[in-house]
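Copied over from TrEMBL:
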- A:4-280: domain 'FAD/NAD(P)-binding' (DOMAIN)
- A:314-381: domain 'NADH-rubredoxin oxidoreductase C-terminal' (DOMAIN)
- A:418-465: domain 'BFD-like [2Fe-2S]-binding' (DOMAIN)
- A:481-530: domain 'BFD-like [2Fe-2S]-binding' (DOMAIN)
- A:556-620: domain 'Nitrite/Sulfite reductase ferredoxin-like' (DOMAIN)
- A:629-768: domain 'Nitrite/sulphite reductase 4Fe-4S' (DOMAIN)
- A:Cys638, A:Cys644, A:Cys678, A:Cys682: [4Fe-4S] cluster binding site (BINDING)
- A:Cys682: siroheme binding site (BINDING)
Amino acid sequence: MTEKLVIIGAGMASGRMLEHLFETSHNYEVTLFGSEPRGNYNRIMLSAVLAGEKAYEDIVTHDADWYAANGVDTRFGHAVTRIDRTARTVFANGVETPYDKLVIATGSAPFILPIAGHDLPGVRAFRDLDDVNAMLSAADCPGSRAVVIGGGLLGLEAAAALRGRGMHVVVLHLAGHLMDRQLDPAAGYLLERELGRRGIKIHCRAQTKAILGTDRVEAVLLEDGTIYEADLVVMAAGIRPETRLATDAGIEVQRGVVVDSAMRTSNPNILALGECVEHEGAVYGLVAPLYDMAKVAAKTLVGEAAAFVAPKTATHLKVTGVNLYSAGDFAEGEGREEIVLRNAASGIYKRVVLAGNKVIGTVLYGETGDGAWFFDLIKRGTDISQMRDTLIYGQSYGGGAVADPLAAVAALPADAEICGCNGVCKGKITDAISAQGLTSLDDVRAHTKASASCGSCTGLVEKLLMATLGDAYNPAAIQPMCNCTELGHDEVRRLIIAQELKSIPAVMQELGWKTSCGCAKCRPALNYYLVANWPGEYEDDGQSRFINERVHANIQKDGTYSVVPRMFGGITNVKELRAIADVAEKFDVPTIKVTGGQRIDLLGVKKEDLPAVWADLNAAGMVSGAAYAKGLRTVKTCVGSDWCRFGTQDSTGLGIRIEKFMWGSWTPAKLKLAVSGCPRNCAEATCKDIGVICVESGYEIHFGGAAGLDIRGTEVLCHAKTENEAIEIIAALTQLYREQGRYLERIYKWMKRVGIPSIKAAVVEDLARRQQLFERFVYSQQFAQVDPWEERVNGKDAHEFAAMAELSMLQAAE
Amino acid sequence: MSPITWVEIGALADVPRRGARCIITAFGKIAVFRTATDEVFAIDDKCPHKGGPLSQGIVHGAQVTCPLHNWVFSLETGEAQGADKGAVRTYPMRSDGGRLFIDASILSAAPAA
């Protein structure tokens, strides 16, 4: 029996908890409340959105599809106002929702200084997307001024971003140096100098007295009488756990909602996690421990034992161009020693704090490459007495060798943590790279989540790719689409959708193409992405297609063409065969060949004859076989139950139905199908892009086979009971491939890249998603099923098939 | 040097932007290109690599990519780009009032001259 799980708060902690929960169980009926009118996004990256380095869409971690796929009932924009512990219900918008288990994940609330004027319009926290939008509109006015109260991590990221947007920015900080909880005074000074150089005014030891203004904020007044004019005041003076609901419900609350190591509150049916909780006297504001809590809470929910252990944390300031890292305890104290390295000229400051023979803290400024290594020494409590003299120079120091970051990464032990946010260690990443054949950063993100949150370990992950793959990893060759752009296929595709780019010039303009007109690599890819994303809206750009798709025939080595009419399911008849024979005779076709896809190829047709050849084939009812297309090619069949004594189903009929339904569709690379009437598999369906094996109980659907450069058998996708179900699954699978495949990436490579589970989840397990994919395919087909031959017989692109001028006669006349 | 005699070969509009048309001469096909910005160029319609018809390639900027094996040629100089070595002959062309003209000497002299 399913239990009701209600979650209050749709932030990063509860989002991660749901991911873990659904990995093991779908036994809960989940209702998710969020006070923001949107689902979970990567809040750490709000500063990147504010700085304009990312769009909101880029930082969404769970979209509507994800919630739907996992059956989560989402109530976004519904703030829960009361918990009734006795009745086991929560109230939001006047609606009562019962629970068996409740999770409080209300996060934290920004601390707003209780000073005069704190409620004036123009005073914002820096907590959610609405705050970011408000700050962005303030930054839109030229010459506008911002005062940021609080020189901690959040305040400085806001200040740098607003300065980058052209605002005059003052940072007010209560302590004697910036980021005093994470940095020592020396590093604080270097940071202040760098930010000052960027035009940000830093005022330390600033006691804010009041915010001045009548209708909206006008200035900020300090205790010492200083006044800073302001159009925007950002309160970044700290956060406090948001505990009001728990307090009202009589749950034990100290600084935060008190939880045990299994994330249970004082009420056993109520769990809490994230920034709102207090565990063994400590509260947490960084993402890594929250993710650990998420893991534990998910286990507790399914009744497995798990315990949260307070982790050591490291901090990385996300201000582009400022390298700053700190971890552990770096306060001075009795019995502690420190090792400091400074290079004033290059602005480098490194400090390692030792207690006995162990590293207990580090602060790095300017050069942070060894941060992960120091952090690892801290966590392990490694005895460093043997390397004490060279410790400060970092991991790769030895015998005067130049610091080699790659060697440093290669030397890390397998359990060294690489991604702090997601707790991913080196071994997990290198194993995934080797075992799953990962070749790019995106692959690693998809399979391990490393570098998928704050992104500050991206450099380390890339070095791991280099160290693991050697020369086979060439980020420059793999990632950008071509030399016209730095963007990879997936990024371009995301941006085409996010920015609603609907023409090749729009893509090139908005995405900063380095060439005016693209090249022969990117133009066909862009054309495909636009065709696939905007059916019925985008006008196909023939000049961006390879010649075969432009003239709907296959160019041969001598510049002639081959012509292959469609034979649905490999079935033909006397009329078609006679027409083909007549055409071959009439146009002196030198070679007639039977193809591997069960149809007939006319080779050596002169380009200028193509329209006339097509006209004759059209007249016999034949259409283009698209034997040249990055699109649906053939559906090969055996004779099945019509003739074969072993046939279990009408494989020929199903093949014809599939081909009639799917012809004309464009796909990232060619798509070849087959339907075999029994497991003897005479149609060779198990090495096709998509194959069907008929069995007594229905249809086994396969995909991801290859019999070309690579040879591999298919994977079984699922079983379908009826022909209609089989067709719906095949179309949904094709549509998913159309939407995710990179141009020229065959289906088996796409499958390997995104992983079979994600494909099964979308096409097999989530029926609503399958239906949506199917409908998008059907919608697109109404624009795609136009015979290109008939169009050209009727005069389209006539310039393609005739010379512009015949000057040899003119010469003879002269 | 005799002055160039221009022969009209058709209209600018006959050639698609970022595309090409061919003219047939006694010495082979010449490909006439029109770029996105309406510049026009004429080169031999024959790739020096394996004889591919360059007029069928994808036109990008003032370059064309051969449809057979992806060699890229400058339409201005006829030189192969990147690592490939080779060149195709280029011919003087003129676009005037929407009409296209080519140097008539191509019709009477062998291209090797």
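Numbering starts at 1 and runs along the chain as displayed.
In case you wondered, yes, glycine gets a Cβ from its N, Cα and C as well.
Automatic, uncurated: that is what TrEMBL annotation is.
On a predicted model such as this, the values are computed, not experimentally measured, just so you know.
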Quick one: DSSP breakdown of the domain 'BFD-like [2Fe-2S]-binding' (A:481-530) into helix, strand and coil?
26 helix, 0 strand, 24 coil
Among the recorded stretches A:4-280, A:418-465, A:481-530, A:556-620, A:629-768, which has the greatest number of Cβ pairs closer than 8 Å to the domain 'NADH-rubredoxin oxidoreductase C-terminal' (A:314-381)?
A:4-280
Applying a 10 Å Cβ distance cut-off over all chains shown, what neighbour count does A:Cys644 ([4Fe-4S] cluster binding site) have?
16
What count of other C-beta atoms do you get within 10 angstroms of the C-beta of A:Cys682 ([4Fe-4S] cluster binding site), across all chains shown?
18
What is the number of residues in the domain 'Nitrite/Sulfite reductase ferredoxin-like' (A:556-620) that are helix, strand and coil, as DSSP sees it?
29 helix, 14 strand, 22 coil
How many of the residues that make up the domain 'BFD-like [2Fe-2S]-binding' (A:418-465) does DSSP mark as helix, as strand and as coil?
27 helix, 4 strand, 17 coil
Give the helix, strand or coil assignment DSSP yields for A:Cys678 ([4Fe-4S] cluster binding site).
coil
Other than A:Cys638, A:Cys644, A:Cys678, A:Cys682, which residues of the chain come within 8 Å of the [4Fe-4S] cluster site, judged by Cβ distance to the Cβ centroid of those residues?
A:Val639, A:Gly640, A:Phe646, A:Gly647, A:Ser651, A:Ser676, A:Gly677, A:Arg680, A:Asn681, A:Ala683
